[in-house]
Amino acid sequence: MEIVIVETQQQAGELVAEAVVALVERKANPVLGVATGSSPGAVYRELGRRVAQGRLSLKDTQAFMLDEYVGLPADHPQRYRTVIDREFVQPTDIDPANVHGPDGSAQEIEQACADYERAITNAGGIDLQILGIGTDGHIAFNEPGSSLGSRTRLKTLTRQTREDNARFFDDDVASVPKHCLTQGVATIMEARHVVLLAFGQSKVEAIHHMVEGSVSAMWPATALQFHPHVTVVLDESAASRLQLASYARQAWEAKPDWQGL
Ligand SMILES: N[C@@H]1[C@@H](O)[C@H](O)[C@@H](COP(=O)(O)O)O[C@@H]1O
């Protein structure tokens, strides 16, 4: 795991956008994994800026979402597909038809999950997965106790996650769905490069476990310790309980070189 500590979320956005640019330059039909939540916001804004400046095009890029709530109507502003359309699709030039997500309104849930796994495989797999982390160490919606070998499936959200996400539902935890469809931990592990972003004090414990803790299904993000290519982009707050943070406290100028990836 490579840990990069940045000063601002904007720096994180620039850094990760560079990784996307390097991928798009290197590959004719790149496949991005996109996350919802507030952490990737600066990345999407920076991608939008570069597209607007003519420095980047995502026209030939496919994108796969990590997860989706079950039971939200198609026009709900917090449905993850709607969020991704608003925050990632609209500011960039990606074709909305190239953006895929698990179908949270499917009648045949198991079939929908299997179809989603197949769609990722058929696209050639995910080249660059943009990822956040929950305060309880979840990735996508793989809550504590999730199998580290799991694939896309139906999950029940923990009370903590529903409370964390209530901020997007007028602070009304009862309005936050109880179920979701999510890529499994094993699905995420197949992405060729995982870039995880985390900011702020609320992520300290999860980051501590993910980077320096024991691998355990109780902290699903710890599975990433087995992944050969993970970049973790943190601010000082999120990194503040890392024993080895001094090794990672790189100057902004010493940012990773994505060209060789
Ligand atoms: N399913 C999403 C996760 O994919 C995301 O990583 C997490 C953290 O969100 P935030 O980045 O807003 O802290 O929130 C949700 O639960």
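Cβ from N, Cα, C; glycine included.
TrEMBL: automatically predicted annotations, no manual curation.
Features of the protein shown, as given by TrEMBL:
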DOMAIN    8-225  domain 'Glucosamine/galactosamine-6-phosphate isomerase'
ACT_SITE  ASP67  active site, proton acceptor
ACT_SITE  ASP136  active site, for ring-opening step
ACT_SITE  HIS138  active site, proton acceptor
ACT_SITE  GLU143  active site, for ring-opening step
SITE      SER146  site 'Part of the allosteric site'
SITE      ARG153  site 'Part of the allosteric site'
SITE      LYS155  site 'Part of the allosteric site'
SITE      THR156  site 'Part of the allosteric site'
Of ASP67, GLU143, SER146, THR156, recorded positions neighbouring ligand 1, Cβ under 6 A: ASP67
Inter-residue C-alpha distance, THR156 (site 'Part of the allosteric site') and GLU143 (active site, for ring-opening step) (nearest angstrom): 8
SER146 (site 'Part of the allosteric site') to HIS138 (active site, proton acceptor) - Cα separation in whole Å: 9
Site with most surrounding Cβ atoms, counting all protein chains shown within 10 Å, from the recorded positions HIS138, ARG153, LYS155: HIS138
Candidate nearest ARG153 (site 'Part of the allosteric site') in space, where candidates are the active-site residues ASP67, ASP136, HIS138, GLU143 and distance is Cα-Cα: ASP67
Sparsest-packed among the recorded sites, when each Cβ's other Cβ atoms within 10 Å are tallied, from SER146, THR156: THR156
Secondary structure of ASP67 (active site, proton acceptor) (DSSP, helix/strand/coil): strand
Assigned element (helix, strand, coil) containing SER146 (site 'Part of the allosteric site'), judged by DSSP: coil
Least Cβ-crowded entry, counting other Cβ within 10 Å, from the active-site residues listed as ASP67, ASP136, GLU143: ASP136
Assigned element (helix, strand, coil) containing LYS155 (site 'Part of the allosteric site'), judged by DSSP: strand
Which recorded positions sit within 10 Å of GLU143 (active site, for ring-opening step) - Cα, from ASP67, ASP136, LYS155: ASP136, LYS155
